[in-house]
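Trainee: Dumping the structure here so I can ask a few things about it.
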Amino acid sequence: MPREDRATWKSNYFLKIIQLLDDYPKCFIVGADNVGSKQMQQIRMSLRGKAVVLMGKNTMMRKAIRGHLENNPALEKLLPHIRGNVGFVFTKEDLTEIRDMLLANKVPAAARAGAIAPCEVTVPAQNTGLGPEKTSFFQALGITTKISRGTIEILSDVQLIKTGDKVGASEATLLNMLNISPFSFGLIIQQVFDNGSIYNPEVLDITEDTLHSRFLEGVRNVASVCLQIGYPTVASVPHSIINGYKRVLALSVETEYTFPLAEKVKAFLADPSAFVAAAPVAAASTAAPAAAAAAPAKVEAKEESEESDEDMGFGLFD
């Protein structure tokens, strides 16, 4: 490619990334390891109208951003995260929705020898369908097996590869023999940039319910601390009032001092049997109307059954 064309392409790329950074207030920094051109094309098509994917050399992306810092100083937060095989996904839509679309575009992939495992791989207990001649292969990997109807059967689940481990040739061969594609590759969100703020993608998993529960937990902690040190706050005052009322009530019971709300408690302590006797009476009074309502229903049901008997012909010779 001639130097002039290359220079023109670079200039257009700089203009494009600057325009995208100005037009879109939100973007993802995504890792693109093991993502092929065909899969990238499918991702672009699925995001069409909702987001724009931009890939490029890290040096060019950094240079374009540094040249635009005068107009938008917040972009400097992106620079430390532009390393490795990364790109941008720009959007104006809900970030969680775009995240879910990226996850939906992951494709299963077979294990390759020498690759770094992005997740844990467990081989489930199963009949492999492989002949007995492969027994030594399983023994070398420490997998307990038995011969069942002329084929090898794995007796229990086996953790074959841990996250971050390098896939060995034997592990890759076994997974391929069992037709297991343990990995899935796609654009992996590494950082989220939202209106000048940058944060981890785990923040997108925080829902309103999560915020509500954490807020209530914080209120409870504040109330507990304030009660212990005797410092009144909005969170602790209701508990302080209740505790104070309990103390006054206890003092009233132990002394001759009384007030209207304490009279019932004193009466109960003086004669608990009176309250026990009153409980069945109250229960009976509530049960009586229910029984009265049920009685006509039973009579009605009986009359209906007699009528149905007559309809069936049981009174034919009466």
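Glycine too: its Cβ is placed from the backbone N, Cα and C atoms.
Pasting the feature list from Swiss-Prot:
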MOD_RES   Tyr24  phosphotyrosine
MOD_RES   Thr59  phosphothreonine
CROSSLNK  Lys298  SUMO1 cross-link
CROSSLNK  Lys298  SUMO2 cross-link
REGION    298-318  region 'Disordered'
COMPBIAS  303-312  compositional bias 'Acidic residues'
MOD_RES   Ser305  phosphoserine
MOD_RES   Ser308  phosphoserine
Trainee: Quick one: pull the CA-CA distance for the residue listed as 'phosphotyrosine' versus the residue listed as 'phosphothreonine', whole Å only.
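Mentor: Per the Cα atoms, the residue listed as 'phosphotyrosine' and the residue listed as 'phosphothreonine' stand 21 Å apart.
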Trainee: Going by DSSP, is Thr59 (phosphothreonine) part of a helix, a strand, or coil?
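Mentor: The three-state answer is helix.
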Trainee: Across all protein chains in the structure, which of the modified residues Tyr24, Thr59 has the highest Cβ count within 10 Å?
Mentor: Tyr24
Trainee: With H, G and I counted as helix, E and B as strand and the rest as coil, say where DSSP puts the residue listed as 'phosphotyrosine'.
Mentor: coil
